[in-house]
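A.B. asks: Below is a structure I'd like to ask you about.
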Amino acid sequence: MTFTDLNTENKNGWFDVADDWLKKDRFIFIGWSGLLLFPCSYLALGGWLTGITFVTSWYTHGLASSFLEGCNALTAAVSTPPNSMGHSLLLLLGSEAQWDFTRWLQIGGLWPFIALHGAFGLIGFMLRQFEIAKAVQIRPYNAIAFSAPISVFVSVFLIYPLGQSGWFFAPSFGVAAIFRFILFFQGFHNWTLNPFHMMGVAGVLGAALLCAIHGATVENTIFEDGDSPNTFRAFNPLQSEETYSMVTANRFWSQIFGVAFSNKRWLHFFMVFVPVTGLRMSALGIVGLALNLRAYDFVSQEIRAAEDPEFETFYTKNILLNEGIRAWMAAQDQPHEQFIFPEEVLPRGNAL
């Protein structure tokens with residue numbers, strides 16, 4: 001027996017009204033995720049543009065870092081707070097700035113502002129993909145894939161400095177600043193010899209290779225290419241059916257490699273799996289570095305190189321280079337520690 005609810009009164013509470021308005025069909029979809037995405041993205045991007053244009057890093061790193069000071073698009077950055085600030089959120093209303101906006105900028109308050117709003121903005125974008133996927137009734141693999149770069153951002157900009165002594169050891173937001181951070185990672189963590197970095201490189205470069213191969217193969221096997229020998233003339237968005245042959249592609253790669261993907265689902269899943277796994281493995285490696293876990297150490301080679309001046313490997317050469325990075329970076333990057341290294345302790349050896 002079926003019962004019918006005869007109470008047809010329209011239940012328009014505040015949530016229903018908000019839900020209808022947020023999900024209204026408009027040029028730019030807002031949705032519930034937009035309440036997180038748009039404000040956080042606006043504040044993060046606005047804070048970064050303000051920082052690289054006007055704000056100095058003289059009080060935090062002893063550097064010029066803005067367009068106003070003569071930097072260009074590659075050398076400008078929003079620098080991390082000084083090491084003395086530890087893990088403070090550096091709120092404008094906090095004890096460090098006390099509502100003094102200029103002081104807040106001087107002590108590096110923009111960096112945690114951008115990092116936190118940027119992280120929540122990225123999460124909002126992932127939730128946006130979930131929300132729209134549900135609305136149009138497709139699977140949420142786009143959102144799942146986008147979670148991989150989010151994991152990298154969170155591990156590098158938030159988890160790593162949380163494992164160290166302060167935000168100071170996170171990357172500053174700028175191109176040259178990121179390069180400096182990469183050199184720092186190599187010198188202090190031997191990052192290139194970390195297996196998680198190796199998996200990350202394999203995932204990202206492998207994904208680029210897969211993308212190039214896939215695009216070329218589809219173009220190779222087009223069989224309804226318009227009335228012209230020129231492929232580009234046939235890029236017609238009004239064509240309703242696909243016009244490439246999976247069978248032909250399978251036959252081609254079977255002859256090239258001896259193996260080939262048997263169906264499109266497995267092929268495209270693999271194209272998702274490779275980069276996502278690589279990025280997540282690299283993020284996991286960064287979490288390890290936050291805890292100061294070491295990369296591969298070939299101590300026997302180091303001992304033999306120390307005893308025998310004629311023995312060296314590419315590994316021992318890199319170890320000496322890492323020592324050089326540490327010695328030079330520590331003094332320049334942490335001026336408040338007042339490190340002074342006499343000439344005799346700087347790395348000298350077979351490799352340098």
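Every residue, even glycine, has its Cβ placed from backbone N, Cα and C.
Sharing the feature lines straight out of Swiss-Prot:
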BINDING   HIS117  chlorophyll a ChlzD2 binding site
BINDING   GLN129, ASN142  pheophytin a binding site
BINDING   HIS197  chlorophyll a PD2 binding site
BINDING   HIS214, PHE261  plastoquinone binding site
BINDING   HIS214, HIS268  Fe cation binding site
TRANSMEM  40-60  transmembrane segment
TRANSMEM  124-140  transmembrane segment
TRANSMEM  152-165  transmembrane segment
TRANSMEM  207-227  transmembrane segment
TRANSMEM  278-294  transmembrane segment
A.B. asks: I want to check the contact list for HIS214 (plastoquinone binding site): same chain, sequence separation of six or more, C-beta distance under 8 angstroms. What comes out?
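C.D. replies: Expected: LEU267, MET271.
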A.B. asks: Given the binding-site residues HIS197, HIS268, which one has the fewest other C-beta atoms within 10 angstroms of its C-beta?
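C.D. replies: Per-residue Cβ counts within 10 Å for the binding-site residues HIS197, HIS268 bottom out at HIS268.
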A.B. asks: Out of the binding-site residues HIS117, ASN142, HIS197, give me the one sitting nearest to PHE261 (plastoquinone binding site) by CA distance.
C.D. replies: ASN142
A.B. asks: In the same chain, which residue numbers or ranges, 6 or more beyond the ends of the transmembrane segment (40-60), come under 8 angstroms Cβ to Cβ?
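C.D. replies: Counting only partners 6 or more residues beyond its ends, the transmembrane segment (40-60) has Cβ contacts under 8 Å with 66-69, 71, 76-82, 105-108, 110, 113-114, 117-118, 120-121, 124-125, 168, 172-174.
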A.B. asks: Spatially speaking, which of the binding-site residues HIS117, GLN129, ASN142, HIS197 is closest to HIS268 (Fe cation binding site)? Use C-alpha to C-alpha, please.
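C.D. replies: Result: the closest of the binding-site residues to HIS268 (Fe cation binding site) is ASN142.
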A.B. asks: Of the binding-site residues listed here (GLN129, ASN142, HIS197), which is spatially closest to the residue listed as 'chlorophyll a ChlzD2 binding site' when Cα positions are compared?
C.D. replies: GLN129
A.B. asks: GLN129 (pheophytin a binding site) to HIS197 (chlorophyll a PD2 binding site): how many Å between their Cα atoms?
C.D. replies: 28
A.B. asks: For ASN142 (pheophytin a binding site) and HIS197 (chlorophyll a PD2 binding site), what Cα-Cα distance in Å is obtained after rounding to a whole number?
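C.D. replies: The separation of the Cα atoms works out to 24 Å.
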A.B. asks: According to DSSP, folded down to helix, strand and coil, what is PHE261 (plastoquinone binding site)?
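C.D. replies: Note: PHE261 (plastoquinone binding site) is coil by DSSP, not helix or strand.
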A.B. asks: In three-state terms from DSSP, label ASN142 (pheophytin a binding site) for me.
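C.D. replies: It is helical.
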